[in-house]
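Notes follow the structure.
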């Protein structure tokens, strides 16, 4: 007899993971700039390694930001507050190498190709995409957050790992950590159980592996994962190397944009390749990916598909997307062509249209930079709202 069950795995990391430190620093700098200059152009990259951080990129703004101060405050909030943790916000070196946005790029963003020879004063018409590229958004009805279960639980576990460290429940934990969840699906593609959970957490030198394993199960896994998803066959791998004392930037260098699958759908949907953190919303790598999630989530919430993936693509300096594609993986209640037409009618997917539709000039980005940009339960981002459901239903009648 054929076994039609399948396994799917996703991972998340804590805010103290080196790559996530870099993402948070880049977005903290972006927020500090947008707070005073909502029209700033920011492309901020961060590298962290033992004892130092390097901030590089292109920033055009009318405001002043004390970048070293922002970096230190961010590292402090994450929890690297003592030299014995291998990284210390007070004593670390901070190097900056910031230039202005290229005028060649700026001219295409300031005035879109379609309107370059016209007298359009409307910002939505005038703004071109900041780069070429393709972006994906996805939603599924398998969880209440419209996210795949594996990435949803991975984020919840990673956040819980941080919470029990910060509130003192497990005061021997250190900021770096990773989580991985394997979900078993039945023959109808419904999640039925957790097959495997992997947790690797940085810890103090004087705690035993047995205590860590016992505490992580009691204080992280069991309070987070629904009881009905764990059974006697579920496997737990907690610090499987046996020791994780050296961590954070001392253990591995970190870079902005190296956790793009963690940031999105845990590998369950396609990815266009561009990262989010450190980029202002004229960069379609970020804003169009948020818009694509917004579209996909509203389509699924409207009951027009059980799962939906939206692809958007842009040309640098051009306002209108060069393509819109929708895939419902055979779960659509109407044709994908009808959905594309409904999306064109009810969503303005030009860069400035997205910025206006989702109010993206706010300093909201630092909080996106750990535990996922989508399907969050602790904060409602504008691209998660479900205000297009009725319009979409009416459009496909």
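Glycine residues also receive a Cβ, built from the backbone N, Cα and C atoms like all the rest.
According to Swiss-Prot, the protein has these features:
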- 17, 176, 177, 178, 243, 244, 252, 258, 259, 279: ATP binding site (BINDING)
- 19: Mg(2+) binding site (BINDING)
- 45: K(+) binding site (BINDING)
- 58, 101, 252, 283: L-methionine binding site (BINDING)
- 101-111: region 'Flexible loop' (REGION)
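A map of Swiss-Prot features onto the structure.
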residue: 17; record: ATP binding site; Cβ contacts under 8 Å, 6 or more apart: 176, 177, 178, 248, 254, 259
residue: 19; record: Mg(2+) binding site; Cβ contacts under 8 Å, 6 or more apart: 13, 254, 255, 256, 258, 259
residue: 45; record: K(+) binding site; Cβ contacts under 8 Å, 6 or more apart: 22, 26, 55, 56, 57, 255, 256, 257, 278
residue: 58; record: L-methionine binding site; Cβ contacts under 8 Å, 6 or more apart: 41, 42, 43, 98, 99, 100, 101, 102
residue: 243; record: ATP binding site; Cβ contacts under 8 Å, 6 or more apart: 209
residue: 252; record: ATP binding site; Cβ contacts under 8 Å, 6 or more apart: 18
residue: 283; record: L-methionine binding site; Cβ contacts under 8 Å, 6 or more apart: 43, 130, 131, 274
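Most buried of the binding-site residues 101, 177, 259, judged by other Cβ atoms within 10 Å, is 177.
Looking at the residues that bind ATP per the record, 17, 176, 177, 178, 243, 244, 252, 258, 259, 279, the two CA atoms farthest apart are separated by 36 Å. Along the region 'Flexible loop' (101-111), the predicted structure has mean pLDDT 69.
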